[in-house]
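Undergrad: So that we are looking at the same thing, I have put the structure below in structure tokens.
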């Protein structure tokens with residue numbers, strides 16, 4: 001089998017993120033379809049930022065609607081029509097209207113189009129999945145949408161490659177097995193690694209003692225109401241320092257929180273340096289606070305504080321505390 005060479009426009013048809021297309025073109029050529037899929041998964045989950053994810057989501061029409069006539073990738077528009085062919089063939093006027101209304105509610109809640117790998121799915125199936133996912137928290141739904149985008153990307157990459165059916169079947173089986181295994185693990189680990197763009201330890205160093213290139217505690221804020229990174233949010237990092245080993249719930253001990261650093265999020269929603277770059281993080285209890293009241297003056301939360309503990313066995317790890325924010329709700333989790 002020969003090596004297949006594709007350019008940015010080819011990869012842009014597979015995934016509407018320009019960052020993804022550039023990275024794939026840079027990583028090319030790929031000898032096999034499976035090699036391209038492996039590269040695509042690494043780039044999508046670890047190198048494309050939140051803006052790139054949202055850009056890719058925006059490239060898709062709502063299920064049941066035709067792609068724009070001025071779509072930036074004609075191939076993508078053509079493939080999108082083909083992927084929705086089963087849905088359109090099984091739709092009625094009433095189900096199309098219901099789908100339109102459900103899509104509108106979804107976009108209003110989450111800030112981006114409902115994304116699903118629609119190939120071979122009927123309109124009733126898609127409607128059922130949309131209703132099932134609608135109650136999700138924004139952070140969960142954002143991750144699901146990213147995984148669905150990867151499924152679509154894999155499907156479209158297969159259209160770029162001339163491969164034997166047995167190889168294609170084997171590759172898809174491996175992908176499905178990987179997705180199933182991931183679903184049984186921490187479902188937030190992929191989006192966490194994506195948002196942090198974790199730096200791997202150089203070869204030859206013990207994996208538990210990396211040489212850091214960034215501070216061990218970082219953060220990143222996504223404004224889910226507007227569907228974009230939250231810029232200009234003030235962030236404060238503090239460490240608990242007291243004769244007691246840790247703060248006790250319900251007790252006020254303001255003087256025990258020691259200032260570590262502060263910053264303001266940039267246009268990508270990322271904070272600047274909150275502490276120095278050290279290999280071993282001092283174990284203890286930390287608090288990271290966000291001035292959400294200044295960002296959303298009419299919002300419900302004047303500020304948001306997250307308290308977490310770093311144990312002795314975790315001092316070599318990196319701790320990323322992403323925040324998904326809207327005027328009246330927020331979600332957070334630890335990214336690796």
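Yeah, the Cβs are placed from backbone N, Cα and C, and that goes for glycine too.
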Undergrad: Which one of these stretches, 65-84, 85-104, 105-124, 125-144, shows up in TrEMBL as region 'Disordered'?
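TA: Of the candidate stretches, TrEMBL labels 65-84 as region 'Disordered'.
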Undergrad: By the count of other Cβ atoms within 10 Å, pick out the sparsest of the binding-site residues 220, 270.
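TA: Candidates: the binding-site residues 220, 270. Fewest Cβ atoms within 10 Å: 270.
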Undergrad: In the domain 'Oxo-4-hydroxy-4-carboxy-5-ureidoimidazoline decarboxylase' (11-157), how many residues does DSSP put in helix, strand and coil?
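TA: The breakdown for the domain 'Oxo-4-hydroxy-4-carboxy-5-ureidoimidazoline decarboxylase' (11-157) reads 101 helix, 1 strand, 45 coil.
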Undergrad: To what whole number does the mean pLDDT across the domain 'Transthyretin/hydroxyisourate hydrolase' (217-335) round?
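TA: Within the domain 'Transthyretin/hydroxyisourate hydrolase' (217-335), the model's average pLDDT equals 83.
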Undergrad: When DSSP states are grouped into helix, strand and coil, how many residues of the domain 'Transthyretin/hydroxyisourate hydrolase' (217-335) land in each?
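TA: Per-class counts: 10 helix, 52 strand, 57 coil.
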